[in-house]
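Now, the feature entries from TrEMBL:
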- A:13-192: domain 'Thiamine phosphate synthase/TenI' (DOMAIN)
- A:42, A:43, A:44, A:45, A:46, A:73, A:112, A:141: 4-amino-2-methyl-5-(diphosphooxymethyl)pyrimidine binding site (BINDING)
- A:74, A:93: Mg(2+) binding site (BINDING)
Ligand code: NI
């Protein structure tokens, strides 16, 4: 876990799986993204049976190996069953203090937050990173609310000591504003998993993030 | 847990919650059934958020108190979060050996089985009881398959040392055949939770089971 925790400091492109949107399937997407250098994968699955999720999660864990942090969205039971590196939880999921008790001090817990107040509370509660969003208006998550804008990232980033992952409506065209805004990492679901070539798309995001950072350093 | 485990020997009417079918709501149904003498409650919820399930499960746990065993259907994370007495798992849920590892040796695990082979395998795997069914054809669970008939219960009961709970299409009219067939306990979801008076319905089932047993002893 030491090694996985240290990967948190170098995450850039963050893969969230989506079996509904994926063109080639979740396992293929994970394999392709990790091959492209993605260092963090979140398995997000809302429709399959627990048995299928446990099986798929164990396959994703193998694909991530030592290369990428492997988190399970929401389902602490699935994370525990396959000994994942941790979980990502939203405000409708298990309370973070309960998740921490069940997972222990070493696992990674990421929390979705929508503003600086929730972000500060997340860090106080022991979150290892926050997923901040939605940055832009998005059609994939109906209940996500209005985009907060990339200019909102800076204040959150400066207030926290843990990484800030930007999420919501992000694509290659608007990534620059997100990175300039101060995000440590970004999620771009449909831009990647809807593609025929997830490895290429992931590489392009990683290169883009690199370029922007070296340009604005 | 000792006390709760010992309750397994005296279960008769077994409540499974169903927020979709319930007339008065899950919490009201549990309170009414426990007041009527029900000794085992399974919280089965497939649609609410994890956060809502954890909250509701903790309320159900309080309502069950020392009077009734409190199990969570499928969700080992919810069971762990509220320290329930155990879980009930189906063939599509987490594998029983994984659930046992996460819950520890003292928690109660019930397993859904459809025939004597699965029942024997369940006992070998450390299940504390089996839910055998569907006994009758049922419209509430589309994927449940053909009813196995109450005359199938006897062979399972004689092959196992753990309690056999009959489930699927059971109502007051056909309960006699189920109890004569050898079931230790029975589930009758719609017959109870669709009622205006869950306490009365539960009492009637408990009395009916008592009568049949004393008649055929
Ligand atoms: Ni390591």
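The backbone N, Cα and C atoms fix where each Cβ goes, glycine too.
Distribution of TrEMBL features across the structure.
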residue : record                                                         : CB count, 10 Å
A:42    : 4-amino-2-methyl-5-(diphosphooxymethyl)pyrimidine binding site : 25
A:43    : 4-amino-2-methyl-5-(diphosphooxymethyl)pyrimidine binding site : 29
A:44    : 4-amino-2-methyl-5-(diphosphooxymethyl)pyrimidine binding site : 20
A:45    : 4-amino-2-methyl-5-(diphosphooxymethyl)pyrimidine binding site : 20
A:46    : 4-amino-2-methyl-5-(diphosphooxymethyl)pyrimidine binding site : 11
A:73    : 4-amino-2-methyl-5-(diphosphooxymethyl)pyrimidine binding site : 20
A:74    : Mg(2+) binding site                                            : 24
A:93    : Mg(2+) binding site                                            : 23
A:112   : 4-amino-2-methyl-5-(diphosphooxymethyl)pyrimidine binding site : 23
Rounded distance in angstrom between the Cα atoms of residue A:93 (Mg(2+) binding site) and residue A:73 (4-amino-2-methyl-5-(diphosphooxymethyl)pyrimidine binding site): 9
Separation of alpha carbons, residue A:74 (Mg(2+) binding site) and residue A:45 (4-amino-2-methyl-5-(diphosphooxymethyl)pyrimidine binding site) (Å): 9
C-alpha spacing of residue A:74 (Mg(2+) binding site) relative to residue A:44 (4-amino-2-methyl-5-(diphosphooxymethyl)pyrimidine binding site), in angstrom: 8
Integer Cα-Cα distance in angstrom, residue A:112 (4-amino-2-methyl-5-(diphosphooxymethyl)pyrimidine binding site) to residue A:74 (Mg(2+) binding site): 11
Members of the binding-site residues set A:73, A:74, A:93, A:112 whose C-beta sits under 8 angstroms from chain B: A:74, A:93
Helix, strand or coil at residue A:112 (4-amino-2-methyl-5-(diphosphooxymethyl)pyrimidine binding site) [DSSP, three-state]: strand
Residue A:74 (Mg(2+) binding site) and residue A:43 (4-amino-2-methyl-5-(diphosphooxymethyl)pyrimidine binding site), Cα-Cα, nearest whole angstrom: 9
Three-class DSSP secondary structure - residue A:42 (4-amino-2-methyl-5-(diphosphooxymethyl)pyrimidine binding site): strand
Model confidence over the domain 'Thiamine phosphate synthase/TenI' (A:13-192), averaged pLDDT: 95
